[in-house]
Amino acid sequence: MRVEFTKYQGLGNDFILIDNRHQAQPCLTPDQAVQMCDRNFGIGGDGVIFALPPEGDTDYTMRIYNSDGSEPEMCGNGIRCLARFLAHLEGKPLQTDITYRIHTLAGTITPSLQADGLVKVDMGPPFLVPQEIPTTLGEGTDPVVNQPLEVAGQSWPVTCVSMGNPHCITFVDDLEAIDFQTLGPQFEHHPVFPQRINTEFIQVIRPDYLKMLVWERGAGPTLACGTGACAVLVAGVLTGKSQSQATIELPGGPLQIRWAGEGQSVFMTGPAEKVFTGIYETG
């Protein structure tokens, strides 16, 4: 089968975008997505994103397969790329103001293309109740903030946030001192996270400027994670380490994140750029 695709990237977090508006289910299997994401034998990417017909009062539906074939609830960098892709499919100019309502497995997400080329996304309010994340850390409905978690023989203070997908955030003194490749998988598969977890290691440079390394569930180390950056700001506010608006510096570049407090939406602003188009022959 021949599949037309367009590759996009948001701060180096790269995705294969497919026009799937003709049917409600993805036109590829998870195994085929794994093959496409292979950086040696395929196109290469952190995931495959499908633009599907709308559900309810939305404009489109988003589905995504990670590079390991798993399906996350949504993806922050990915939805910025999807918004750019949809504008391209609709023949909209690059410098345009347009807002989409996108149905995802995490609910309705609203990205807005801006005239300056950036994409601002209303990510909705964060989920802080342990059962909603989900995690077995903590009790009842109290947020998991600075709770100790034993990983690799060390106790880590962690804060848990869901942006529709689960995140575990830990603040450290020096990111360069972190054994990232060893710790990432151990956090991801820790038994207190029944659906596994995305993990962010954070160094606070200033209350309005935080540096972040991310280990993504199902993808491993990536250059950027939009939902992760949103979760980091929420964790920073909850722990008193950051302001309500801050720059989150990822290996691929900065995202601007804003959160006014409990019950309020988190807003993310950042780039999404087209890389190339092509045709892929599936096996």
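Here the Cβ of each residue, glycine as well, is placed from N, Cα and C on the backbone.
Binding of substrate is attributed by Swiss-Prot to Asn13, Gly76, Asn77, Asn165, Asn198, Glu216, Arg217, Gly226, Thr227, and within the candidate set Asn20, Asn66 the record adds Asn66 to that site. Taking the centre of the Cβ atoms of Asn13, Asn66, Gly76, Asn77, Asn165, Asn198, Glu216, Arg217, Gly226, Thr227 as the substrate site, the nearby residues of that chain (Cβ within 8 Å, site residues left out) are Pro72, Cys75, Gly78, Val214, Ala219, Thr222, Cys225, Gly228. Of the listed binding-site residues Asn13, Asn165, the Cβ environment within 10 Å is emptiest of other Cβ atoms at Asn165. Cβ neighbour count for Gly226 (substrate binding site): 29 (other Cβ atoms within 10 Å of its Cβ, all protein chains included).
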